[in-house]
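S.K.: My structure is below; once you've seen it, I'll send some questions.
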Amino acid sequence: MGVNLTEKWERDVRGVRVIDGFLSTAEQVAIVEDVRAVARMAPFIRPMTPRGRPLSVRMTSAGALGWVTDQKGYRYEVRHPSGEPWPPIPVRVRAVWDAVVPTARPPESCLVNWYGPDAKMGMHVDRDEADPAQPVVSISLGDDALFRIGNPERGGKTESLWLRSGDVLVMEGPARLLHHGVDRIAPGTSTLLDAPGRINLTLRVVT
Ligand SMILES: O=C(O)CCC(=O)C(=O)O
Ligand SMILES: [Fe+2]
């Protein structure tokens with residue numbers, strides 16, 4: 001009888017699949033290099049909410065479409081604010097999608113979130129994508145993050161979990177539209193990046 005090793009490391013939190021330690025250290029190092037290459041072509045920016053408040057997270061994207069926010073609202077754009085197209089999704093990042101959601105459509109966007117020691121992300125639903133039947137896959141790199149999962153509606157009881165470097169999280173099925181956010185990161189818990197902080201990659205089908 002075969003043993004499904006992946007199963008051992010998979011947790012289910014309200015239907016959100018958390019795969020602990022999905023990426024080896026070598027894979028994490030390689031993906032950080034990929035992120036550096038993306039950021040050379042599409043530099044990180046500190047986006048503004050539609051109300052004009054800066055987010056604490058810095059962002060860029062790869063893929064056919066990149067998620068942006070400014071006075072015009074939350075949306076996907078085919079170009080970085082510089083006017084350049086977004087760089088392609090790195091092959092190694094795409095491979096994670098193929099491994100964890102093999103039956104999904106190909107990802108069209110990879111949002112790159114860079115959290116400094118004090119950055120966080122408020123509770124929200126990823127709802128700028130046309131087809132919520134398609135999953136969202138998130139990759140954590142660098143310092144640990146306290147991730148909170150809530151409900152389809154705002155408020156109510158929530159559950160928190162620590163996401164560590166190399167963990168992969170999948171929001172799919174009914175869990176695709178749950179509120180979620182990052183309360184804080186724990187600076188200095190990982191030595192993967194040059195400085196305290198965290199990088200999160202979020203792959204999505206947009207159209
Ligand atoms: O940083 C994370 O783990 C979550 C990011 C997220 O929810 C998003 O980019 O929509
Ligand atoms: Fe999100």
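Including glycine, each Cβ sits where the backbone N, Cα and C put it.
All annotation found in TrEMBL is predicted automatically rather than curated by experts.
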S.K.: For the substrate site that TrEMBL assigns to W67, Y74, R75, Y76, R154, which of the candidates D98, D128, D131 is also assigned?
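M.R.: My reading of TrEMBL gives D128 as the candidate in that site.
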S.K.: Given W67, D126, R154 as the binding-site residues, which ones have a Cβ positioned under 6 Å from some atom of ligand 2?
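M.R.: List returned for ligand 2: D126.
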S.K.: Per DSSP, what is the residue tally for the domain 'Fe2OG dioxygenase' (106-207) in helix, strand and coil?
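M.R.: Secondary-structure composition of the domain 'Fe2OG dioxygenase' (106-207): 5 helix, 47 strand, 50 coil.
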S.K.: Would you mind reading off the Cα separation of D128 (substrate binding site) from L203 (2-oxoglutarate binding site), to the nearest angstrom?
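M.R.: Spelling it out, the Cα of D128 (substrate binding site) and the Cα of L203 (2-oxoglutarate binding site) are 13 Å apart.
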S.K.: Quick one: Cα separation, H180 (Fe cation binding site) versus R75 (substrate binding site), in Å?
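M.R.: Cα of H180 (Fe cation binding site) to Cα of R75 (substrate binding site) measures 19 Å after rounding.
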S.K.: Among the binding-site residues Y74, Y76, N113, I199, which have a Cβ atom lying under 6 Å from any atom of ligand 1?
M.R.: N113
S.K.: Hey, of Y115, H124, I199, L203, which of those binding-site residues are within 10 Å of W67 (substrate binding site), Cα to Cα?
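M.R.: Hits: none.
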